[in-house]
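Everything on this sheet refers to the single structure shown next.
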Amino acid sequence: MQVSSLNEVKIYSLSCGKSLPEWLSDRKKRALQKKDVDVRRRIELIQDFEMPTVCTTIKVSKDGQYILATGTYKPRVRCYDTYQLSLKFERCLDSEVVTFEILSDDYSKIVFLHNDRYIEFHSQSGFYYKTRIPKFGRDFSYHYPSCDLYFVGASSEVYRLNLEQGRYLNPLQTDAAENNVCDINTVHGLFATGTIEGRVECWDPRVRKRVGVLDCALNSVTADSEINSLPTISALKFNGALSMAVGTSTGQVLLYDLRSDKPLLVKDHQYGLPIKSVHFQDSLDLVLSADSRIVKMWNKDSGKIFTSLEPEHDLNDVCLYPSSGMILTANESPKMGIYYIPVLGPAPRWCSFLDNLTEELEENPESTVYDDYKFVTKKDLENLGLTHLIGSPFLRAYMHGFFMDIRLYHKVKLMVNPFAYEEYRKDKIRQKIEETRAQRVQLKKLPKVNKELALKLIEEEEEKQKSTLKKKVKSLPNILTDDRFKVMFENPDFQVDEDSEEFRLLNPLVSRISEKRKKQLRLLEQQEQLKNEEEEEPEGKPSDAESSESSDDEKDWVEEVRKQRRLLQQEERVKRQEQLKEDQQTVLKPQFYEIKAGEEFRSFKESATKQKLMNKTLEDRLKLEAKHGTLSVSDTTVGSKQLTFTLKRSEQQKKQQEAEKLHRQERKKLRRSASHLRSRPRRGRPFH
């Protein structure tokens, strides 16, 4: 057993426990249960609740007594009696089952849809009848009032098979190329089918006419969803008379009210996997939606996640046991999953003891019985010299190797290599020495802000300590230990923005200066070494070489700066193009603002000035108006006050008119008359 908790909701996995190897005999299994406490405490809720390889579908009968599951290989169906907690019967089939439906309250009437177009009917005694449909089927539903089976599949038609008459009826012609899923509302009998184009078509079985179409593909696309292909309908489920849940192939679940063509809620699984099944839990108003990776339980009104269930293997089908907190899963593994969530509801009547056992479950996962065995390959047997044991009871063939007892493996390992302990001891000593060495050179904990700058300063400090010219190099205080620069490594406001334009343009210069400083330190060290060796003249580079080297460095730095500037210009162009595209896509709409009564709107620029003016007292505002000349207050002989104010607009017009008048006068003064210039008389005949 395993206990997990998500959002403070405990989930008990009843199928996760010690798994016994298949090649163990019954006698050894019983002996192992007596010896091993973990195996003895293992809870096997239903005996042999598994398939040989894979389980594809799982359902519960209406009376809740029988659990039916189909799987492979070979294709088969298994029926489990919950009252006996064991397997009731098993029937092998000719081909794999796509889906099946239990028509009766118990297991006496079952219909199977196979992947080779066959429809198989089973009764309580076994196989009853088999027929075929024209196209490959994917899903079917049973209409109880008319005894009709509706089959959908790789065709635009919905085939109808009447079980009372025993013959096919006229099919329903849909507008889709193919249909994936279908369902019938148990309240009013509405038939719905999900198409490959992402639409849901609803039909009235009484008149065999289409009564509505929902375009779910368009409604499933939200701002947060990333969809690369057209969503198709992969799951469909009715709840009551008016609610319907639709699952898409891109991982969205849409909740609809049949009276509206817009979804009430769109829930995204965020995995991009097709929704396998959808179920409703009415007591807590939850929706259980499952894809091949996870089962999510969320509130159908708000979409808030309640809890989730993520098994080890991929999911093929999910079944919610009615009126309880038990969930059954069909997985891509031999074991079928049984999960119990006490918050969803009580344990079923046939396993009411789970309520007491769940209080004693351990939260740590259990180890498997395979820990008592060691898996070895044929090459390992050759190295150990145990090839002669192949075929004996000491080795059990499994996949590409063998299982052998772990105690036997340790004994043989010790005999083959008696010095293994000494080698192990030496390896441990070497690891300890390496750990101590690593601790000596371990750097101090870097600050939260400007980590790269701090690491650079630490490296420079280490280089100074390693250099032999400690006396000649002037010792500078360390910035990391200086309190004046303490804020630079603590306050996020002082974080160096490496993406800024200033940093990218100055970074080549800073790196070039640091490289020059390192070269100078190396040259000084070489000169010191030469002096210590008492050489007459230290060899060095000629001045021409140094000048050429400095010029090359300068050229490299200039090229680096030009490169950074080109990159910045390119990024700026890309940003402008993106902004232009966004501006073209956005549609500008006029915005309206309500102006208070008694106020006059001039421009948005005066809003700040007006706000400051309103904050002042009445006396200050009167003084300000009198100063500008727009307001004058005088006393009358009667003792009252006379107030005169001038409109700003008329005042501005007067000023403008006076300015124009002065301008005309200046132009008139500067104008020179041309009346003194007269044209000379022309010679020759006048031109007529």
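In case you wondered, yes, glycine gets a Cβ from its N, Cα and C as well.
Under the heading coiled coil, Swiss-Prot lists 423-476 (among others), citing sequence analysis as support.
The coiled coil feature in Swiss-Prot is assigned to 512-589 (among others); the stated evidence is sequence analysis.
Look at Swiss-Prot and you will find 640-673 (among others) tagged as coiled coil, backed by sequence analysis.
Per Swiss-Prot, the feature compositional bias 'Acidic residues' maps to 546-557.
The compositional bias 'Basic and acidic residues' annotation in Swiss-Prot covers 570-584 (among others). With DSSP states grouped into helix (H, G, I), strand (E, B) and coil, the compositional bias 'Basic and acidic residues' (570-584) comes out at 15 helix, 0 strand, 0 coil.
Per Swiss-Prot, compositional bias 'Basic and acidic residues' is recorded for 648-663 (among others).
Swiss-Prot lists 664-688 with the feature compositional bias 'Basic residues'.
Annotation for SER25 (phosphoserine): no spatial neighbours, criterion Cβ-Cβ under 8 Å with sequence separation of six or more. Taken from Swiss-Prot, the feature phosphoserine applies to SER25 (among others), supported by similarity to another entry.
The phosphoserine feature in Swiss-Prot is assigned to SER475 (among others); the stated evidence is similarity to another entry.
Per Swiss-Prot, the feature phosphoserine maps to SER514 (among others); the stated evidence is similarity to another entry.
Beyond the ends of the repeat 'WD 2' (174-213), by six or more residues, the same chain brings 138-146, 148, 150, 152-158, 220, 230-238, 240-241, 244, 246, 248, 258, 261 to within a C-beta distance below 8 angstroms of the stretch. Residues or ranges marked as repeat 'WD 2' by Swiss-Prot: 174-213.
Among the features that Swiss-Prot reports, repeat 'WD 4' is placed at 270-308. Here the repeat 'WD 4' (270-308) has a mean pLDDT of 90 out of 100.
The repeat 'WD 5' annotation in Swiss-Prot covers 310-349.
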Residue counts (helix, strand, coil, in that order) that DSSP gives for the repeat 'WD 5' (310-349): 1 helix, 17 strand, 22 coil
Coarse DSSP state, helix versus strand versus coil, of SER25 (phosphoserine): coil
Number of helical, extended and coil residues in the repeat 'WD 2' (174-213), per DSSP: 0 helix, 22 strand, 18 coil
